[in-house]
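Contents: one structure, followed by commentary.
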Amino acid sequence: MKSLIVSHFFLTFCAVFISLSVSAQQKVIIYKTHKIDTAKEDFVVRMNKIGKAEAKRNDSLYRARKTELKQDELMESIKKTTQKAKDYLALGIDTLEIDTELTRVKKWSKLAGEGVFTNKGTSQTYRNLASTSNILQVLQNKINSNKKKVDNYLKDLIDFRYQLDSLNSNSALYVFPADSALLIKYLQRLGVAAKEIGPTDSLLRQAMLNVQVLQTQLNLEMVNLNSGLDQIEMYQKEISDKAIDREYPDIWAPVKLNRPFKEIVDFSNSKNKLNLLFYTQDHLDEIIILFLLILASTLYLISLKKKYIQRQLLHANYNGQLVLRYPFLSAVVIVLNLFQFIFPTPPFVFNALFWIFSAIAITIIFHKFITKHWMQVWLLMFMLFLFACVNNLILQESRTERWGMLVLAGIGVLAGLFALLRNRRKELRERWVIYFIVFVIILETASIIFNIYGRYNFSKTLVTSGYFSFVIAILFFGTIRLINEGLSLASNIYTQQDNILHLDYKRIRAKAPALFYIGLIIGWFILFGRNFYAFKLITEPLLYFLILERKVGDYTFTINNLLSFVLILSISVIVSRVVSFFASEPNPSIDDEEREIKVGLGSWLLLIRIGIISIGMFLAIAAAGIPMDKVSIILGALGVGVGFGLQTLVNNLISGLIVAFEKPFNVGDVIEIAGQLGTMKSIGFRSSIIDTWNGGEVIMPNGDLLNAHLINWTLSDLKKRMEIMLGVLYGTDLEKTKQLLLDSINADERILKLPEPTVLFQDFGESSISIQVHFWVGNFNDGIILKSDMLMAIDKVLRENEIVISYTTPEQEDDNVFNEDEQKGENEDENLQ
């Protein structure tokens, strides 16, 4: 700004000086013209030099100021970047925790390699390879997760380092002022900035070095894990290709390598615990869902059992009603056996726990239901199954285990023969059990032969698979029986469509056996096939087919995503319908308190159902990977559809929301529309259901329901005023009649004392005095019955007191006149004849 003022002053001075010189030149005589011109030229030259010098000086000042501003900007950027780097270092990843976990991974990897990479023994075992493979895959995921964190962290540190180096290398920082005072001041600023930046820069460099070392260790461990998995894959393929080749000497041959059996049991136990821990941690969400399903099933079965107890339909011996005997155990059996397939490639110890819990539950449920002989067979097979589970958890071959396998298989053959030779097949409720017993005998016999002649892996697979297949089959048969019983019992309770689920239980019960038996066969093959490596060779291409990305236009999807979309939507609809069950019209047999709670929730549960459907829709869209812009296009198209032809549908949907919020009526209310009485049974999204008193069900759109002139008899309470019309002959003592009527009404405890009953004399008729009797009942539903009882009581008391009831309406009198004329006409016709 100062330089601009100086320049302006200089230019003003030059202008004034030139004007004075010109005016003086006008007074100079002509003959001195040549000298004056020379003077003018000297003056112009001097002025040009002065102007150039001033311009150069101003340019230098401008450049200096520009450089100063640039330096300030650079130093400020350096400070901000340094502060960001400092904050990022303070909030960065916990390298110590990652290093600690890396140490644990190395320890677990070493344990997993026991019997596979170290202390191999004579040959590899399939169970040990499978267990080690599961552990290494989990460790690989852990290392991969930490590696991504470290890689991203190192990338960010490198970015900070690059930004700082880029700012520090800017040439503008090294342009120094010409003025010594300004130079000293600038050097002081540089020194202060260096002190601020130096520690952070050192920390940044050290962090980069530490992270690079950690990254190298993670990369090395990842290489080791990948190499181990590749080697295991090769071993498994080799065992599968040589399944029936000799691996060990005959069972009676001398032992070459004898590792202590206790040592084998110890490392097997450690591996199995590690497998169970890792799998439980990785699938905690699915386990929680499983417990919620068990809880929901238990509550449903308890509710069903209560209904049977209330209606006195429950048998003392639970014949045909075993599913209600122990609702929790039945829920455990049904849920564990149906939903065990939501867990992908579980380790054997995880599956074994499912089967053991289910088997114990089904043993308790069917206790004293099946005959003693078949219960003994089942218990024996279950004990052999437990020993087979323990045997399958031993991961390395030993001569002790082989002799144990031989005994286990031999007992299984004898138990199977015992079950068949007793000729008690007619007592079986499931004829297919016989085939599975035969299957056990065949597998155990083959296992004995292969075990004796050194085919250890194939023999072990056969001896365990035999018992597993039998127990799984029994569990599936029991599950199907419990489900069929549940459907049958539900169909008996809900024959009148008392529930809002609108499930045709009879139709489902008719189709369920075939569907469940097909599912049983497929599920049995899946669980049986998991014992063999060949099953993995079949399923991996199928899984690849499901997760393979496909493209239609700009949209990329997988079959797995589409299945998830359908599954989530189906679950949300089912959950919504289950919730609506609690909003249905209360059963008359339940107590008043439960009725009030259930009725009060009706409209709110409609909102909950809408929320469940909405959340399910968004989750399904997210699971399918559908972009939101595509969803917006669909909603826009729906908007156009509403404009053209869906106004009524949208009106009914919005009316449903209005009903839910305003609550002009609720589930269980007695309403009257167009003179027709009915009970509100359910309030749905689009329409509501009304139970008429003649047994029919009226399905009315919510829009029509709101627009109709509706009378709600039970909106605030259940009270109703009842009216009885009667007439007495002229000459009757009216005071006595009134008192008799009031005494009869007050004698009934079901009639409310407040408001008080009234007896009103209405009119003098042609042959009688008309009387109106008014009284209030506490429950609207009891009004008709109570009115009937009062008519009989009034008739009785008036007869006892010799008061004649004589009342005819004007319509009845007209009918009498008409009947008299008609009778006269008939008599005249007879006379003519």
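Even glycines carry a Cβ here, placed using N, Cα and C.
Those TrEMBL annotations? Automatic predictions, nothing curated.
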Range annotated as transmembrane segment - as stated in TrEMBL, picked from 632-654, 770-792: 632-654
Across the domain 'Mechanosensitive ion channel MscS C-terminal' (726-805), average pLDDT on the 0 to 100 scale: 85
Residues of the domain 'Mechanosensitive ion channel MscS' (648-714) by DSSP state, where helix covers H, G and I: 21 helix, 26 strand, 20 coil
Distal contacts, the transmembrane segment (465-483) - CB-CB under 8 A, six or more residues away: 322-323, 330, 333-334, 337-338, 355, 358-359, 362, 365-366, 378, 381-382, 384-385, 388, 409, 412, 429-430, 432-433, 436-437, 439-440, 442-444, 447, 512-513, 516-517, 520, 523-524, 527-528, 531
Intrachain neighbours beyond the transmembrane segment (514-533), with Cβ under 8 angstroms and 6 or more residues off its ends: 126, 236-237, 239-240, 341, 351, 461, 464-465, 468-469, 472-473, 476-477, 479-480, 483-484
